[in-house]
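See structure below.
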Amino acid sequence: LFNGVYPFYPQQRKPFVFDVSTIIVIIVFLTFASSFLLIIPGIRGRARLYWMLRVLLSLVVGVVIVAVQFTGDWESGWVTANTSYKSFSRVVVNADIGLHVGLAGVNVTLVGNPVNQVNETISYNEHFAWSFDADYDHSYSEGLERGLPSPILYVAEKFTTESPCNMHRQYRISGHYASATLWVAFCTWLISNMLFSMPVLVYGGYMVLVTGAFIIFSLLSFSTVRNSLMCPIQFGTASLLTSYGGSFWLTLAIGLLCFVAGITVVALHYFNLDLLKTFFDLHEGRAEDCQEMTEVYVNPQFMS
């Protein structure tokens, strides 16, 4: 207590889904998209539509692969319960407690019903990181020193290294492997774009399939935590249960999109190569290169 008053936050906490890194990634890819859209009017005919479709689809895949690395809703859950608000206090509040798991840590959210209770604004959002350059236990200790509300500390304690639940090790390892696999998928996505800019379209299609495979591998890595026993998070009779969040399903959709695009490119290469060249704006140029000469001029002295 400070002069008989519980600790409070003078500043706003960051949202749990979007942070500065995610916003930077989105701005960078929007800049690339805007640059390509500026040159679209200079392309003639149907090639303009094909160019726009290829560029936008490629940028969507790239921005999702990078952005989901920093989002915090791979797994999330909410529960509404009557719970104690502060340690060493009998005050009970009605609040929504949320748990949001990302690849680099967890966010615990506490929102009162209503927000203003016990002469305070109950609206908290705390991030506890477990990346390679972060110490989760140290972040939890700082939360204890700051006097965080009891529900936040109770949920965060489940993920500490000393907790018998062993949830920290499960989520941390699976998140690291999922993140590493996504970075490999980002590299294969770059290679596929380079191959599509060359007259080797079928290899670009194969690399898109590899990109989709690594994206699916990242989802499988993260989903391994669901196969182990989870510690119950109880608030009275209510339980905080989690399920896959928006980032997980968005990544799954992008992985399936890569499979569909890769299979389409490979199939067109073997069954309708002309249509594939037309879509990638290579048909006309290749036809001019392979065009046979209609007239031949022969030196009569050489022939004689």
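Keep in mind that glycine also has a Cβ here, set from the backbone N, Cα and C atoms.
Lifted from TrEMBL, the feature list:
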- 20-39: transmembrane segment (TRANSMEM)
- 51-71: transmembrane segment (TRANSMEM)
- 91-111: transmembrane segment (TRANSMEM)
- 177-196: transmembrane segment (TRANSMEM)
- 202-225: transmembrane segment (TRANSMEM)
- 246-271: transmembrane segment (TRANSMEM)
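For the transmembrane segment (202-225), the list of distant contacts is 61, 65, 74-75, 103, 167, 170-171, 174-175, 177-179, 181-182, 184-185, 188-189, 191-193, 195-196, 244, 248, 251-252, 254-259, 261-266, 269: same-chain residues at least six beyond its ends, Cβ to Cβ under 8 Å. Sequence-distant contacts of the transmembrane segment (246-271), counting only residues of its own chain at least 6 positions beyond either end whose CB sits under 8 Å from a CB of the stretch, comprise 17, 57, 60-61, 64-65, 68, 71-75, 102, 182, 201-202, 204-209, 211-212, 215-216, 218-219, 222, 279. If one looks beyond the transmembrane segment (91-111) by at least 6 residues along the same chain, the residues whose Cβ comes under 8 Å of a Cβ in the stretch are 16-17, 68-85, 117-118, 122-131, 134, 136, 149, 151-152, 155-156, 159, 171, 175-176, 178-179, 222, 233, 235, 240, 242, 245, 247.
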